[in-house]
Amino acid sequence: MAAAGPGAALSPRRCDSDPASPGAQSPKDDNEDNSNDGGHPSKRRRMGSGDSSRSCETSSQDLSFSYYPAENLIEYKWPPDETGEYYMLQEQVSEYLGVTSFKRKYPDLERRDLSHKEKLYLRELNVITETQCTLGLTALRSDEVIDLMIKEYPAKHAEYSVILQEKERQRITDHYKEYSQMQQQSTQKVEASKVPEYIKKAAKKAAEFNSNLNRERMEERRAYFDLQTHVIQVPQGKYKVLPTDRTKVSSYPVALIPGQFQEYYKRYSPDELRYLPLNTALYEPPLDPELPALDSDGDSDDGEDGGGDEKRKNKGTSDSSSGNVSEGDSPPDSQEDTFQGRQKSKDKMATPRKDGSKRSVLSKSVPGYKPKVIPNALCGICLKGKESNKKGKAESLIHCSQCDNSGHPSCLDMTMELVSMIKTYPWQCMECKTCIICGQPHHEEEMMFCDVCDRGYHTFCVGLGAIPSGRWICDCCQRAPPTPRKVGRRGKNSKEG
C-alpha cells in the first residue's frame, strides 16, 4: 500500500479503551503506571479521546439518573401550630435546581439547622428517611426559595407551580369526597311537619344576630374615621321636636321701641305683687340687699355692736355690706373692720353678684328636718361616746349628714347656740363641707364658715376678695325673713287714721 500523501485523509483511530482491540499503551501511560508502582503520589491523568468518550457516556447516564422531580420538593410548616412558618430542605432544593454547592452560591439566604423534633416530624410525613435523620439537614425559608426560583430559574418555578396547582386541586377533590361520604352516611331525613318549626328557629336566631349587631354598632362603633377628610365622624344626637303650634311666632313677639305692644310679659308671684304700688300694696318697699347703707365712721360700729342682734331681729337688715360684724373691744379693731366693710362693698358693686334665686333657696332651717341618730357613735377627737367627753362629762354627739363622723360640741369648740342651729339643717363635717352657693368642695383655702350656722361659703361665691378677719355671718343668718308690716291703703279711697 502506498504511503499516504500529506493531503490524504487519516484513518480513524481506534479507542484505546476499547476492550476488543488490544492496543499497546503509550509511553506516557507506562511512565504514570511505573510512578504509581514506585510509591510516588499519583498524578491526574490527562484524558485521551477514548477517556472522553467514556466520560461522555458516564455523564449522560448521571444526568438521566440525577433528575429530581418537582413532586419530591416538599414544603412543610414548623412548628405545625398557628405560629409556624413554611420551610424547604436545602438538600432537596439544591437537587431540584441542579446546584452542587448551594450554600456557597447563595450565602445570603436565611438558613438554620433542623432540630431533632423537626427531623422526627419530617420522618413521620415520609419527607426524609431514617438515614437522613442522622445527618445534618438545613432548612430554608420557602418564600426566599420561591423568589430565587422566579428570578434565576423560571422554568423550574413554572414546573413547581403546576405541581402545586395539582396538589391543591387534589386536596379540594378529597375534601369534597369526604363531604359526600358524610352526606351519604347521614341518612336521616327531615320530616315535612317540622319544617315550619325549623324556619321559625332560623328566623329567631337571625333576629338575635341582627339585634346584637345593631346594638354593637350603636354602643361600640358609633364613630368612624373618614380617610378622605381625616375627620372622626360622630352621629348627630336626636332632638325632641315640638309641635308646630308650640313654635309658631305670634304677630307681636317683641317690642321694637319702648312702649310698643308685645305679647311677652313677666308673671309676678303673689309675694312680689304685695310690694307693687298698685293701690293695694301690703308691704313696705324692701331695702335693696345689693346696695346696703354704708357706715359713716367707726364709732357707729362700736355703738351698734351691743344691740346688733336685737336690731337685726327687728329690722332684718345688715350693718355691713359683707356681713362682717366686728366684736372687738379696742377701737383700732373696729376701725379696721369698718374699712374692710367699705372695701368689700366696693368689690360687690364692681363684681356681679349671684342671682337672687340661689340666695332665696338658703334658709336658716329646713322644715321638718331631724338630725341623724347613731347609737354607738364615738367622738373623732377624744374617741369617747356620749357618756363622757374630754372633760369627763356626759354630752350628746353631733353627726355629719353625709358620713359617719361624729363629735362632741365641746371638742369642736361649738357654742350651744351653734349646736341648736346646726340641728335644724343637714350639717356637714370639715371633711364633707361644701359651698352652699356652688355646691363644690374644692378650693378649701378659700372656704369660710358662718359663725352662726357653720355653713361653708367660697369667698368668690359671695363676692369677697379674701377671707375676712374676725366674726363673719352669712346672708342667710343676718338677713332674717322680714316680718311684713301692713300699711294703710294709698290713694283716693284711703282713710286717714
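Placed from the backbone N, Cα and C atoms, the Cβ positions cover glycine too.
Summarising the annotation, Swiss-Prot assigns phosphoserine to S11 (among others).
If you look up Swiss-Prot, you'll see S35 (among others) marked as phosphoserine.
Among the features that Swiss-Prot reports, phosphoserine is placed at S49 (among others).
If you look up Swiss-Prot, you'll see 88-184 (among others) marked as region 'Essential to induce neural progenitor proliferation', on the strength of similarity to another entry.
Summarising the annotation, Swiss-Prot assigns region 'SAY' to 88-294. Taking the region 'SAY' (88-294) as a whole, pLDDT averages 86 in the prediction.
The annotation SUMO2 cross-link is assigned in Swiss-Prot to K240 (among others) on the grounds of similarity to another entry. Under the DSSP three-state reduction, K240 (SUMO2 cross-link) is assigned to coil, being neither helix nor strand.
As annotated by Swiss-Prot, phosphoserine applies to S269 (among others). The local packing around S269 (phosphoserine), expressed as other Cβ atoms within 10 Å of its Cβ over all shown chains, amounts to 7.
What Swiss-Prot records for 284-295 is compositional bias 'Low complexity'.
Sequence annotations record features per position, and here Swiss-Prot assigns region 'Essential to induce neural progenitor proliferation' to 291-333 (among others).
The phosphoserine annotation in Swiss-Prot covers S296 (among others) and is backed by a large-scale study or a structure entry.
What Swiss-Prot lists as compositional bias 'Acidic residues' is 296-307.
The annotation phosphoserine is assigned in Swiss-Prot to S300 (among others).
Under the heading phosphoserine, Swiss-Prot lists S326 (among others), citing a large-scale study or a structure entry as support.
Per Swiss-Prot, the feature phosphoserine maps to S330 (among others); the stated evidence is similarity to another entry.
Annotated compositional bias 'Basic and acidic residues' per Swiss-Prot: 344-358, in sequence order.
Annotation comment: Swiss-Prot describes 378-435 (among others) as zinc finger.
Scoring each of the recorded sites (K240, K384) by how many neighbouring Cβ atoms lie within 10 Å, the top position goes to K384. In this structure, the CA atom of S269 (phosphoserine) is 52 Å away from the CA atom of K384 (SUMO2 cross-link). According to DSSP, K384 (SUMO2 cross-link) sits in a coil region rather than a helix or strand. For the zinc finger (378-435), residue counts in helix, strand and coil come to 7 helix, 5 strand, 46 coil, using DSSP.
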